[in-house]
Every structure is written in C-alpha cells, then in structure tokens.
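Database features (Swiss-Prot):
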BINDING   Cys146, Cys149, Cys203, Cys206  Zn(2+) 1 binding site
BINDING   Cys163, Cys166, Cys189, Cys192  Zn(2+) 2 binding site
DOMAIN    5-69  domain 'J'
REPEAT    146-153  repeat 'CXXCXGXG motif'
REPEAT    163-170  repeat 'CXXCXGXG motif'
REPEAT    189-196  repeat 'CXXCXGXG motif'
REPEAT    203-210  repeat 'CXXCXGXG motif'
ZN_FING   133-215  zinc finger
Amino acid sequence: MSKRDYYEVLGLSKGASKDEIKKAYRRLAKKYHPDVSKEENAIEKFKEVQEAYEVLSDDQKRAQYDQFGHAGANQGFGGFGGGGDFGGGFGFEDIFSSFFGGGGGRRRDPNAPRQGADLQYQVTLDFEEAIFGKELNVEIPVEDPCDTCKGSGAKPGTSKETCKHCSGSGQVSVEQNTPFGRIVNRQACSHCSGTGQMIKEKCTTCHGSGKVRKRKKINVKIPAGIDNGQQIRVSGKGEAGVNGGPAGDLYVVVHVRSHEFFEREGDHIICEMPLTFAQMALGAEVEVPTVHGKVKLKIPAGTQTGTEFRLKGKGAPNVRGYGQGDQYVVVRVVVPTKLTSHQKDLLREFAGQEEQDDSLFGKLKRAFKGE
C-alpha cells in the first residue's frame with residue numbers, strides 16, 4: 001500500500017510554515033492518540049501523523065522529501081530519523097501537559113530500550129569521484145558501550161541497586177495545591193534520574209555512564225552518480241542504543257568540488273568547447289573531453305556560436321540506477337587577439353567578398369548602409 005503524501009496527512013499545503021506544521025501535528029496527535037481516540041484505526045493514523053511531522057518539521061528532511069518524495073525521506077537520501085524524539089523538546093508529553101495539566105500523559109519507561117542518536121559526517125569528493133562512485137574509510141567519534149562494565153555503568157563484580165526513594169519505579173508522587181484543590185502529580189525521581197536504579201560503585205573506566213568516547217573506522221560506499229548536497233545513510237553506525245536499544249544511523253553528507261571544464265545539471269554534464277572561426281565556418285571534426293574519455297564530434301559547416309550538441313550516454317549515471325545522463329557541448333567561437341599581416345589580409349579579402357554577397361544577410365547589410 002502506497003504512503004499518503006505527508007502534507008496531505010497533516011492537512012497542509014506544501015508552502016506551510018513551521019508553526020502551521022506544529023499546530024497541525026498537535027491537533028491531530030491529540031485527536032488520534034490511543035489513550036484518547038476511540039476510532040478503530042487510531043493507532044495507524046497516530047503513527048502516520050507522527051511520521052509526517054518528523055519529516056516536515058526538520059528543514060533538511062523536508063527539503064529531501066520535497067525533492068525525492070518518500071524515497072528521499074526513507075531510503076538513504078532523507079534527513080535524520082529513527083530517534084523517536086522531536087527537535088526542540090517537543091513530544092507526546094508536551095501535548096498532554098498542555099491539555100491535561102502536566103502529568104496526565106503516558107510516561108515513557110526510562111528503562112525501555114531506546115535507539116541511539118544519529119551522526120553526521122561531511123565528505124568532499126572530486127567531480128569524477130561523484131560520477132563514478134568511491135569507497136571510503138571514514139573515522140568518526142562515537143559513544144560505544146564501555147567494555148569494562150559491558151555498558152552497565154557499575155564496577156565489575158557489582159550491579160545496580162533498586163532506588164530506595166522511588167522503589168524502582170523511576171517516579172515519585174508530588175502533591176501540589178491548585179485553585180481546584182490538591183493534585184498529586186507523578187514526576188521523575190531526582191535521585192535515580194528516573195531510571196529506578198542506582199549505581200553504588202561506579203565503573204572506573206566510564207565513571208558510571210556505561211559509555212566511552214572512541215573513534216571508529218567505518219567503510220562507506222559512495223554510489224555512482226551522487227550529486228552535491230545528497231547524503232547516504234549507513235544503518236546502525238551512529239551512537240550506541242540505550243538499555244539494549246538499536247544503534248542510531250550515520251548520515252554521510254556529500255560535497256562535490258567544482259570542475260574547470262564540466263558543469264552538472266542533474267544527471268547531465270554541460271561543457272563549452274572553444275572553436276576557431278574557420279572550424280565553425282568550414283566544418284571540422286574535433287575531440288571533446290568527457291568523463292568517460294575523449295570522443296570525436298563532427299561540427300557541420302556554418303555552425304553558429306552557442307549551438308548545442310548532445311553526446312548521448314556521456315553524462316552521469318542516475319544515483320538510483322535509472323539510466324545514464326547525456327553530455328551537452330556548447331560551441332563558442334574564439335576571436336583571435338593577435339593576427340599576422342597575412343591573416344589580416346585574408347580577413348580583409350573575406351570581408352570584401354562579404355560586401356558582394358547576394359544572400360539575405362548581404363542585402364540587409366547593404367540596405368542599412370543606404371545602398
């Protein structure tokens with residue numbers, strides 16, 4: 001079953017502002033939340049709204065989605081996903097705190113598995129490397145589970161203990177006086193930071209965090225045809241997960257150096273070829289550089305400057321495997337700045353012959369001279 005357009009899911013136009021996107025999400029998330037909605041397919045709609053907001057609320061994800069659709073958002077050319085949290089501290093608890101007064105929403109289990117954070121790595125390629133693809137070994141700083149304590153944070157030979165202040169629940173009850181009477185709210189236990197567990201003896205390597213900072217070498221395959229600004233997702237190569245959760249993803253953002261001769265427009269390559277007046281007037285066969293090697297191009301007699309020739313299949317491969325682009329050669333006449341006396345005489349002779357030309361151009365030229 002094909003996915004619905006994210007703008008359609010939120011009931012917005014493609015030009016919607018961030019504020020409009022946020023308001024639409026809050027309204028629909030409240031409407032379809034399983035704890036509130038009685039609709040039969042509320043869970044599916046809630047997940048659909050969540051997914052749409054996660055993409056459209058992020059500038060980078062939204063740009064990729066607008067350009068590539070769902071393929072860009074979900075198949076390696078999208079933005080940063082998978083963490084479960086939304087930017088700016090806005091999540092499900094915010095919805096319920098605004099509607100139900102602070103503690104009424106479902107609270108996330110602090111000990112539940114959570115996916116690790118995504119990472120971003122910038123790489124710069126030469127023009128040809130982007131065309132043909134490349135395999136890179138990159139070194140990135142990551143937080144991995146501590147080998148000494150196996151990620152527990154506790155000193156080897158010891159274990160975490162149940163927090164005595166919250167009895168392992170990770171939450172404590174707090175009474176609050178309001179105009180409506182006394183209300184009991186549940187909030188995260190400050191002693192165990194909401195985990196329900198405490199470390200009596202911390203691991204000396206990670207100091208109780210369960211993680212250590214290290215540099216990790218990762219092999220990245222750059223696909224042929226990738227363009228400037230596109231990114232590659234390497235699944236599971238981000239930060240380590242929490243409480244046994246999966247690792248985040250690594251996003252490699254590609255920058256491509258400009259080329260002195262070639263320019264790129266999508267899968268097509270554009271270049272300008274300088275030719276002499278004689279070559280364009282009389283016709284010639286010239287060698288044209290391409291990223292695939294030199295090819296011969298026939299220039300017909302009488303070719304005008306600015307004429308464009310197409311070299312089929314000599315462009316960049318489509319990054320998704322949808323065929324091959326072409327190369328377009330734009331010819332430009334080069335006017336010599338230094339001439340010998342003989343060359344000048346020949347040009348004067350040619351100019352004199354042009355005066356006697358009975359072609360339309362010649363007639364027009366004489367008409368403007370009043371002849």
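Every residue number used here counts from 1 along the chain in the order it is shown.
The backbone N, Cα and C atoms fix where each Cβ goes, glycine too.
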* Expressed to the nearest Å, what is the distance separating Cys149 (Zn(2+) 1 binding site) and Cys163 (Zn(2+) 2 binding site) at their Cα atoms? -> 20
* Asked: Rounded to the nearest angstrom, how far is the Cα of Cys146 (Zn(2+) 1 binding site) from the Cα of Cys189 (Zn(2+) 2 binding site)?
  -> 25
* Asked: Within 10 angstroms of the C-beta of Cys189 (Zn(2+) 2 binding site), what count of other C-beta atoms is obtained when all protein chains are considered?
  -> 21
* To do: Please tell me which one of the binding-site residues listed here (Cys163, Cys166, Cys192) sits closest to Cys146 (Zn(2+) 1 binding site), measuring Cα to Cα?
  => Cys192
* Provide, as an integer number of angstrom, the distance between the C-alpha atoms of Cys203 (Zn(2+) 1 binding site) and Cys192 (Zn(2+) 2 binding site). => 16
* **Cβ within 8 Å of the mean position of the Cβ atoms of Cys163, Cys166, Cys189, Cys192: remaining residues of the chain near Zn(2+) 2** => Lys164, His165, Ser167, Gly168, Ser169, Gly170, Gln171, Val172, Ser190, His191, Ser193, Gly194, Thr195, Gly196, Gln197, Met198
* In angstrom units, rounded to an integer, how far apart are the Cα atoms of Cys163 (Zn(2+) 2 binding site) and Cys206 (Zn(2+) 1 binding site)? -> 21
* **Proximal but sequence-remote residues of the same chain as Cys192 (Zn(2+) 2 binding site) (Cβ under 8 Å, at least 6 apart)** => Cys163, His165, Cys166, Gly170, Met198
